[in-house]
């Protein structure tokens, strides 16, 4: 029998070969045989099994085929070709190693030839026979496989392994299904990778051409394989709610359904509310009495909106209390959300709380219904947006508005309003319609120790979950749960390790250092052990009472952090300024807030099945146009603005410019948070009042 005649090989199942796992494969050797050693059965044309022949140690041209079969799963992901040159009768031949899986031979052929960049056509694949041949010029390569009856084994009937065609970039065996199996792990690690970026990665790694359509289909199929269908995730919501309550007892998980038309038709998903027990305890242990309310759009297949309620922790970080998925932002949904918030937090005396929002649609009437008598603040950033819509545009009006909002005393407030009247009397009339207690520090209460002007308490959380907002509902909810679980653990470890032995939280200590450096501009005049008169180089004068922890500038009264006037009086008497900071900023209070934790959960396959009828996917509808991925930015970029110099000249000439240099010469709480937030894990929870400024 010559070298080029057909050889047959029996591929045994893995159960008979314990070493056949992973890349450890069983090797069998077929030796060249003489005519007297060959046993042929001409009466049978079904199976050709190669019998073992006595080995001749002097023959050096062994041809080895390595393969393994997995009965339960496909272990093969990539084909690795290893060509070794063997000298036989003066000519060189290549030995090809191939791996096969019994349930998907066509995929393994594609896997093999896409890696080697050869065009192979599968002539037949009916589950019992697999025939393949090369599409090159010479058509010499071919392989025939036959499945062994009653076994999970495949018999190599014919195999001509020599390729004479050259490699090519245009491989017809590259299909979207093959790309899914080849790059599934990459999509698991980065589900938001772009189609064009994925296409370029495929071309770079396996050196084959892939069209944009193939890459798009592969990405869509991979995400479907990872997350499952969107409809199936809604069908698992009852199981998810039960698993969530089982792993985190006393957590609130409420799902509302709506009736559907038709007989014996399941109900349709309407809204879902989640509040973890750990977040409730943290709020009652040391949370501030200011709660921010906001909503953000969900960009997944079924749209909807996410309502959130957040507060501030002792480090002025965002602390998420609860969230809910609803169809749209309406008064009914806000009332439902606020009622559940009131029950979970056990709020009875509503007058002690302050709520900050952007005055979303239906929110103010809902507040009046659920929290009568509660104080309400309006985000100044959105107030400025409304001012621009009213026709008062430009940086001159913007700076005048922010000067008015930062004014901490009544005289400063009236002076800033007079400057606005000089710019445009109609702008002053427009501001008079808004209660000053909702947007100016001069009218803020002093018992809550919070001077924030924007609703970045919630805005920062919305930006953190941007990667989850375009996923299906179950994937999004799990992403948010894991995010909060990691956030609690990270901040708890910070209090126990990084801040051990310290009195104040990191951001508060940094803010205090900044005010301490500015205390050199003040000259204290002692009246007694507690009362001082402070003269500043700019001609201003203030009174400080250390016992009552007040200053006539009201910055200490509003925030609970000593101002530069109070710090100068403390230094004059040799007192430690850290002892005069409100207790809500201490590391001890910080550790109490984050001492609770969200318990882990099992994977969906291990959830207990509930007896509830699975709800249908919601009918929220789609907004007009292509879904947006990037967040909408307000204002212009001063760095790239061509009229930057003109704007600066107008600011110098404006009547509010001189007063602006005097008002709020210290860094606010939010400015310190903005600078430090980029150095912290999960820094998206930081609060920033000045991020709207160019």
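Any Cβ shown, glycine's included, is placed from N, Cα and C.
Looking at 1-52, 53-104, the range tied to region 'Disordered' in TrEMBL is 1-52.
Between the listed ranges 596-617, 618-639, TrEMBL ties the annotation region 'Disordered' to 618-639. Counted with DSSP, the domain 'SWIM-type' (542-574) comes out as 14 helix, 6 strand, 13 coil. In this model, the domain 'SWIM-type' (542-574) carries an average pLDDT of 93.
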